[in-house]
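Novice: The structure under discussion is supplied below as structure tokens; questions concerning it will follow.
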Amino acid sequence: MEDSSLLSPISLLTIVIFLFILNLMMIIQDFSSSFPFRFHLFFSNAYILFTSIRNNKQNTELPIIKKVVVPNRADIKTSVEEVKAIIDDSEALYECLIEEGEEYLLEKNEMMGKEIVKEAFRLFDENQDGFIDENELKHVLSLLGYDECTKMECRKMVKVYDENRDGKIDFYEFVKLIEKSFS
């Protein structure tokens, strides 16, 4: 019986060829990804040389690719310290933004709430006189499906929130009514 755990020389050769082809494909891919840049660099240099020869310029500088400078250990140490300082600054900025963001959202929520209350008041105040009387209240309640509500009941509802006893609810009283109903 043959031991299947041993690799035959043919299978080893197949693996080596496969790895060689894979390596070649990676080299070609690296070259092809940088090819457009090299193509552009070659033709831009050729154009610069051609125009300098045509214009009789002697010292023409060609664009070159700069080499990457690897920092020494002292530079790395400094940059690590700088990174720590940046992280500390960013944490402080984050905390500040969170606090200001919460305040902004609360203010925005209050503003939106006020706009919603104004719009609700406008819906109740059909004749736009700045007051909600018992007739307007009855009409809106009937639109909302409360048809069984009588004029007398509407008058009682208005009377509960009518602080100045004029028989109508003004915007200030309406805001208080809304605040009481949500608290």
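Yeah, the Cβs are placed from backbone N, Cα and C, and that goes for glycine too.
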Novice: Out of E119, E136, which is the one Swiss-Prot records at the Ca(2+) 1 site of D125, N127, D129?
Specialist: E136
Novice: With the Ca(2+) 1 site defined by D125, N127, D129, E136, which remaining residues of that chain have Cβ atoms positioned within 8 Å of the Cβ centroid?
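Specialist: Close Cβ neighbours, site residues excluded: F124, E126, Q128, G130, F131, I132, D133.
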Novice: Let me know the most crowded of the binding-site residues, choosing from D129, D162, D166 and counting other Cβ atoms within 10 Å.
Specialist: D162
Novice: Take the domain 'EF-hand 2' (149-183) and average the pLDDT across it for me.
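Specialist: A mean pLDDT of 86 is what the predicted model shows over the domain 'EF-hand 2' (149-183).
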